[in-house]
Amino acid sequence: MREVISLNVGQAGCQIANSCWELYCLEHGIQPDGYLTEERKKEDPDHGFSTFFSETGQGKYVPRTIYADLEPNVVDEVRTGTYRSLFHPENLITGKEDASNNYARGHYTVGKEMIDQVLDKVRRMADSCSGLQGFLVFHSFGGGTGSGFGALLMERLSVDYGKKSKLEFCVYPAPQNATSVVEPYNSILTTHTTLEHSDCSFMVDNEAIYDICRRNLGIERPSYENLNRLIAQVVSSITASLRFDGSLNVDLNEFQTNLVPYPRIHFPLVAYSPVISADKASHEANSVQDITMSCFEPNNQMVKCDPRNGKYMATCLLYRGDVVPKETHAAVATLKTKRTIQFVDWCPTGFKIGICYQPPQQVPNGDLAKVNRAVCMLSNTTAISEAWSALDHKFDLMYSKRAFVHWYVGEGMEEGEFSEAREDLAALERDYEEVASDSLEEEGEEVEY
């Protein structure tokens, strides 16, 4: 089997994971105690979920996941919550003091004490897999544990499991509503560290998801649970083809092959459709054409940036539910006639399609309506560099006055790391600009190298 291990780091990572496992259990008919529901036992045994769950001798299913946080509060909620008997208690790892929003604490001082314990559990989990496919790492960019410990974990995974794919789901700091002052520092330091270790990073930003919840679901003041359930739908769509069968399956390595034209340019933009509230569901048609088109509207995208300002390099459309290949080809043909959707000229085809027949599931009494088909779009577009430039600008404002830098230096960081990380991100922005401007005339002049 092709197993996947999920690693959840820090508060954001652990809370997103809670919503994801809640949804996986519903999709596979697994109860909160890890045993199959009665209806599920009657059906044909489906081995798809062994990518995400391991089975014990008693017929209990245990998630292949590890929770790691430097402070115990969030993971304690898992230990006492509804799903407490689902997870293996040894795989819920917590420290005693948190990283206090400081990348250096998560990466150097506090994180160093915990990393070996986490890697030991990863090693045990990997040993029990027959064909480990790769890792999904969930963390935020802004927090101390998510940024610092997340980066440390990615570095160490590269050393121990060099060839395995590592996909990140990162919560990117929202442009307007920040949860901490030093978010720009943490984000840029962690991006610099993980840039060479991550194969593909799916970014979501809280502000964009707040807006989707407000606009499409009519929730006036969305909680983190509302946001995470929406993110869980996206993660579920991305991993559905690993867990269910479909006519066009996509595995972890295929994402990289189809979405990442150059190793550094690995930050696809995520969009999901349809997001409709239960009371509006009956009035929407939701044809394949409609949901495909709505993915290209900035309103349905999970990061605040405008794709109309950039060019698409590659796009992956993952359909699930009642969808046949013929309809998807028709939808893509229509997309290609739209003038607003511009592809770079060196990538003429640009669409990878995946279809999974399992319809999307919704959490009972949740915000999302039951729909019979959905699509998740992952697109590598040069517009996402807008997100970087906004963050770089904030970093520059603080760093020009060396504000808050002493907290990082006091935890054993060199001040040079800041400027090194900032230069790396400036280079990343330039990479995106070059890709966008690489028209064929310029190619002719640059043949020397």
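Using N, Cα and C of the backbone, Cβ positions are placed for all residues, glycine too.
In the three-state DSSP reading, GLU254 (active site) counts as helix. For GLU254, the entry in Swiss-Prot reads active site, with the evidence type similarity to another entry.
Sequence annotations record features per position, and here Swiss-Prot assigns GTP binding site to GLN11, GLU71, SER140, GLY144, THR145, THR179, ASN206, ASN228. Secondary structure from DSSP puts THR179 (GTP binding site) in coil. Proximity of THR179 (GTP binding site) to non-local residues of its own chain (separation of 6 or more, Cβ distance below 8 Å) is seen for GLY142, GLY143, PRO173, given in sequence order.
In the three-state DSSP scheme, GLU71 (GTP binding site) falls into the coil class. Look at Swiss-Prot and you will find GLU71 tagged as Mg(2+) binding site.
Residues annotated as site 'Involved in polymerization' in Swiss-Prot, with similarity to another entry given as evidence: TYR449.
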Quick one: among the recorded positions GLU71, GLU254, which has the most Cβ atoms sitting within 10 Å of its own Cβ?
GLU71
Taking the residues GLN11, GLU71, SER140, GLY144, THR145, THR179, ASN206, ASN228 listed for GTP, what is the greatest CA to CA distance in Å, to the nearest whole number?
22
What residue among the binding-site residues GLN11, SER140, THR145, ASN206, ASN228 has the most other CB atoms lying within 10 A of its CB?
THR145
How many Å separate the Cα atoms of GLY144 (GTP binding site) and GLU254 (active site)?
31
According to DSSP, which kind of secondary structure is ASN228 (GTP binding site) found in, if we only use helix, strand and coil?
helix
Nearest-integer angstrom distance between the alpha carbons (Cα) of SER140 (GTP binding site) and GLU254 (active site):
24
